[in-house]
Amino acid sequence: ASFTQTLPNFLCLFLLGPFCEEPGDPCASQPCLNEGICQYSQPGYVCDCPAGFLGHNCEIDISKCSSRPCQNRGTCIDLPNQNYNCRCVPGFTGKNCEEVTDYCRLHSINCLNEGLCLNIIGGFTCLCPHDFTGEFCEVQIGNCVSSSCENGGICVDYGDHFKCSCPIGFKGESCELDIDTCLFYNISCAPGTLCFYDEENQRSHCACALGWTGQTCLENINDCEVNQCQHGATCEDGVNKYSCNCVPGYEGPFCEVEINECSSSPCENGATCMDLVGHFSCYCAAGFKGETCSVRMNECLDRPCWSGGTCEEDKNGFKCTCPFG
């Protein structure tokens, strides 16, 4: 005969083995949620839930911010003792950021001409009556609303028409024409010079370029009046600059450098060069002469040997070979 063992048709809770004969660890599967701490307890386990959570497995969120009480994009911050605080974005206030900030009262806004101040998100606006406009209803609507005064022109409303009062330098029905104020006031500035109108003194003047002066900028400023030319150099005036013409022996932008005429080694044949102002002098070695000691001297030319002696040149000049006796 054969024997077949059939396992029982049931599930073991917190026990192991086919017949639940072995004890198991109920916390091994980490049943506690939301960082709850699992503790073994007969006949199973209990979860020690963190603040803000309840339930057998800490699955119930009981924080005040879970219900999203803050309105209008406010940020909810959980506080102790099941409390919360709403951090509102600009333009809203109240416990739940449900109120629009009363900018009209906060900034004592006074809309003119019976205008009504209305709070809007992030600020205010004045609801103006008919015929008025502007941030505070300060501008009366009339012919000037549709006017197009250009270049800083001021519109003057005459009821049935308007006129543009143009600033100096402009004219035309809409101040659209740029006029030369210098020509207007008969001032002839030098070519390339800018002309300006001085509103305080009510006159035009020429703004001169560097190096020029005078009412019409035609006078060249003498830059040589204050110069740094040295060692007898002559100053030559330019436009907003000057140059120094050096005397012989000097160089540099201000003729401040003395030229060393011996730097080119002009003296020859072992001569010694002495630097002078604007020129040089050569001290020739024996047997040479000339400005640069380039000419060899013939010492025997003047027959320096007496009594029939024979003259021979050598490195020291000459020597005499005397006859016997």
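From the backbone N, Cα and C atoms, a Cβ is placed for every residue, glycine too.
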Let me make sure I read this right: TrEMBL says C206 forms a disulphide bond with another cysteine. Which one, out of C189, C224?
C189
Cross-link partner of C255 (disulfide, per TrEMBL) out of C246, C262:
C246
Which three-state DSSP class does C284 (disulfide bond) fall into?
coil
Measure from the Cα of C208 (disulfide bond) to the Cα of every one of the disulfide-bonded residues C49, C58, C97, C189, C255, then give the nearest.
C189
How many Å lie between the Cα of C293 (disulfide bond) and the Cα of C88 (disulfide bond)?
101
Spatial neighbour of C49 (disulfide bond) that is closest, considering only the disulfide-bonded residues C175, C189, C206, C246, C284 and their CA atoms:
C175
